[in-house]
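Data first, discussion second: the structure below is written as structure tokens.
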Amino acid sequence: MEGASVSTNPRSVEEVFKDFRGRRAGMLKALTTEVEEFYRQCDPEKENLCLYGFPEETWEVNLPAEEVPPELPEPALGINFARDGMQRKDWLSLVAVHSDAWLLAVAFYYGARFDKIERKRLFNLINELPTVFDVVTGKKPVKEKSSVNNNVNSNSNNNNNSGGNKAKSAAKVQRAAETAKAKPAPPPPKEDDDLEDEDEEEHGDTFCGTCGGSYTAEEFWIGCDICEKWYHGKCVKITPARAEHIKQYKCPACSNKRART
């Protein structure tokens with residue numbers, strides 16, 4: 001698979017950061033200036049697709065690597081399946097979050113052999129840049145430093161603020177994942193408004209495994225019988241009528257795992 005095999009094998013902190021910036025720039029193109037082409041390539045009728053960013057500031061939508069383990073960490077699988085089940089801005093925001101996670105994974109895959117000081121310096125350089133999510137959602141404009149040294153000497157307060165935002169986002173995602181596994185099945189919506197309010201309060205910390213949205217009684221949900229995660233019916237293209245005929249539901253991620261084994 002071409003997307004996962006392209007590697008510059010950077011050695012130093014500066015080389016890893018340059019690799020990170022190139023891949024990030026490519027993914028930003030896909031999610032901003034070239035978004036129409038990216039949207040077109042993420043056809044839900046195709047197989048599980050991933051968004052890859054390359055060091056030369058290009059991007060590609062392609063299938064994941066076939067070799068196990070892959071040469072580099074793999075990005076989020078099956079981003080195309082949720083494309084038509086969500087509003088475009090929400091879908092792009094979701095892909096942006098997963099893109100940030102992948103970029104950090106690749107950078108620290110290269111930096112795993114660095115010592116403590118070098119790893120900290122690498123993270124500080126990365127943390128000076130707005131995340132892909134920040135740019136896609138308009139929280140921060142694309143404003144990058146002209147050199148690595150400028151990034152090192154930037155205001156430390158910005159480091160603390162950006163680091164805090166990332167930490168909060170990571171904690172929120174972790175809590176959502178743990179809650180989705182541990183939470184029992186939400187009961188069907190009740191007709192009485194007061195009972196619906198109580199239902200939402202009880203299950204308000206159940207989150208959709210695709211879009212991350214919290215549980216509401218007004219929407220149809222379906223739970224995976226394999227991983228026990230819950231999903232909006234619209235996110236996985238399952239209607240209440242169709243769900244009545246499904247004896248054992250498997251989400252797209254579990255279906256793909258079964259197909260590859």
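Quick reminder: no glycine exception, Cβ is built from N, Cα and C everywhere.
Curation does not apply to TrEMBL; its annotations are automatic.
What TrEMBL records for this protein:
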{"type": "REGION", "residues": "144-204", "note": "region 'Disordered'"}
{"type": "COMPBIAS", "residues": "147-183", "note": "compositional bias 'Low complexity'"}
{"type": "COMPBIAS", "residues": "191-203", "note": "compositional bias 'Acidic residues'"}
{"type": "DOMAIN", "residues": "205-257", "note": "domain 'PHD-type'"}
For the domain 'PHD-type' (205-257), provide the mean pLDDT of the predicted model.
81
From the DSSP assignment alone, can you count helix, strand and coil residues within the domain 'PHD-type' (205-257)?
10 helix, 9 strand, 34 coil
